[in-house]
Amino acid sequence: MLPKGVLLFLVLIVLVQHFATVQTTNAIERPSAPSSQCTSSHESCVLRVMCEVEPRARTTLVPCLTADGLEGVCCSVAKEGKQRKKRSLPFELSQELFQNAVGEGHRVYTRKLANIDHHREVMRGGSVDTLVRQFHAPPGEPLGAEDPTAYEDMFVARSFANALNLSVAERLDLPELTLDPALRRKRCLPPRSCDPHARYRSLDGSCNNPVPARSSWGAAGYPFERLLPPAYEDGVWAPRVHSSVSGRLLASARDISVAVFPDVDRRDRKFNLLLMQFGQFMSHDFTRSASVRIGQEEVQCCNAEHSGALRGEQAHFACMPIAVSPADPFYSRFGIRCLNFVRLALARDGKCRLGYGKQLNRVTHFIDGSAVYGSNEALAASLRTFEGGRLRSSFPTGEELLPFARTRAACEPWAKACFRAGDDRVNQIVSLTEMHTLFLREHNRVATALAALNRHWDDERLYQETRRIVGAVMQKIFYNEYLPSIVGHSKARQYGLLDSHGEQTDFYSPDVKPAVFNELSGAAFRFGHSTVDGAFLIQHRHRRTELVPIQEVFLNPSRLLQRSFFDDFLFSLMDQPQQQLDDSITFGLTRLLFAGRNPFGSDLASLNIQRGRDHALRPYNDYRSWAGLERLTSFEQFGPVGARLASVYEFPDDVDLWVGGLLEPPTQDGALFGETFAAIISEQFARLKFGDRYYYTNGPRTNPGFFTGEQLRELSKVSLASVICANLDQADGFSAPRDAFRQPSEHNPPVPCQTLVGMDLSAWRGH
């Protein structure tokens, strides 16, 4: 027993299974016609996302129809009060041992910080690395302070595990700790004070789930979650860099990029570039990671000449540079042997768990318009006019554009324009800036209409009601137009992603954690990089068609200053095919990413592969198993690309998730990609829908800011095409296809904008 006088803190050991059941489900296989009843008395028919099963289990869930007529699965119902089994400790933990581990971890971390200060290496202004880092975190934006406690905890966890000689598997199940109040404030995400009846979402996403212990779920600053346990090589934070079969180093991410992803022009037969661009815009609404920094300075992992990596004491503990072969077909021309790569910032754990690293998401996990409005009060306020509920904008040519940035740090020095929005990546590429401009205009259009309908509403009411409507518009388009286009209508129905138009629902579950998966952020939702074209074909109505290489419009949205460019570019995005999703990626991304006026840039494919290893995502085969597919045991099973894979991977079990997912043949029901990515993406957005109390269709039993039946019927009329037509500078004479993501064709002909009627805002009169 501990002496009664020892009051520093109390350590309560509770070994828990690796993932809470609200976070994990397993893949299922479905027959085409689900039955309406479950045969077992211990099962009930629920939506798939509501069913809790073990992540490592190979379970086949029987399909059925829910009481609402939706496709569900027969799921075992746990008996009330039944507790999950807890494994006993194979050792006894003394307070002294734990204190020693904390002390040793603190000493190691302190030495690391002192070493960093002594060997401080920062990026040089204008270098490719600086531009690449702007891709992850442009300076000067209120993203929230990085928490050094999260990194110290990694060294504490390693010290603790080493002292107990724990295996890697045991380290993934490190105990939860109940600490004294002072340590809890230091190591845990703070609880939020919530009003369960608040009509509007919080800007930072907190209190969506008003249960005190869950009030941070999905909020900005909450970590990414996982479908499967991480593959950290030390069970704590060491990235996945060795073969799980041979133990030898995995091939360089750049070598894999060169071998597997050439630049081949294969245009998609159905979808246009607007699908690609809307996907990136929406991804910024629910994912925002940033690399580790030294205070406000960037971390450099390569030497000044990029001829090699920094070594020994000169290397930051978060460095993970990408090696470049001396025989590289492109970088060898410039003597480049090292691409800078810094690991992602970590978050504190909401449960004070002393365990493996969890990556930080700086924006809300919800689809809530945070890319338009921001994820914190300071940023949101800076974007408002505080008059009539409108957002700030600029009119340099008489046409409404985003407000200009206060500094040019996030753009090329020679850019004539640099904008700001709710997300600081707004200037990454001009087509992304176009999407931000569209939804800025939509906000101000709706706010102006509401002000005319409800003259008694003040600025705050107009702003919040408009934000609520625009968030609903984004959800409606995302779930009913975008997701069916990428995962297929069958998969969208299977996971309950499609909405019942004009009807209130009550699907919210406080037990579904609305958190973005590492697997989505680090791999699956990066599928769109394969669909990027190397150039925009901009069809101007009043001048000659223009072919613009994408590297000319990275961090340079100046073309928006041209009169009528906004309208012309939207027409062009709807008309130009996206690239086919396959084993090809444009050199604009794999050689010239953010090159500026340099002859070379970085390689996004390499960054994606390295990011997956930083996240410690498990190999592709593990996710095939999770999705109900057979593991691939030979490279021949990958098809024609198998020989190229075999040239850079030792074993099929080594193939990275992003690589394998891109190469998987599309499903038969119209998805862009194969079953693995389709399952991950569908599972993800089912969680974000059914775990969102404020989802736009949820009625008064669930959502204190619910829409009336009349308002939902108007929202059901909204389409991306109608939003585009409502916000053009010259809608007369402009035609758009009703399905804005599909190329114009005889089955999807362009129709005059006057026929694309959206919602009638008079449904909001007096409400």
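Any Cβ shown, glycine's included, is placed from N, Cα and C.
According to Swiss-Prot, the cysteine that forms a disulfide bond with C194, out of C188, C207, is C207. Spacing of C753 (disulfide bond) relative to W764 (N-linked glycosylation site) is 23 Å (Cα to Cα, whole number). Taking the recorded positions C411, W457 in turn, the residue surrounded by the fewest other Cβ atoms inside 10 Å of its Cβ turns out to be W457. If you compare Cα positions, H529 (heme b binding site) sits closest to W658 out of the recorded positions C207, W237, Y331, C411, W658.
Of the listed disulfide-bonded residues, namely C194, C207, C418, C725, C753, the sparsest Cβ surroundings within 10 Å are found at C194. Across the fold, the C-alpha of W237 (N-linked glycosylation site) and the C-alpha of Y331 (3',4'-dihydroxyphenylalanine) stand 30 Å from each other. Recorded residues W764 (N-linked glycosylation site) and C725 (disulfide bond) have their alpha carbons 21 Å apart, per Cα-Cα distance. The shortest Cα-Cα distance between R425 (site 'Transition state stabilizer') and any of the recorded positions N165, H284, Y331, C418, W457 is the one to H284. A distance of 19 Å separates the Cα atom of W658 (N-linked glycosylation site) from that of H284 (active site, proton acceptor). Rounded to a whole number, the C-alpha distance linking W457 (N-linked glycosylation site) with C411 (disulfide bond) is 38 angstrom.
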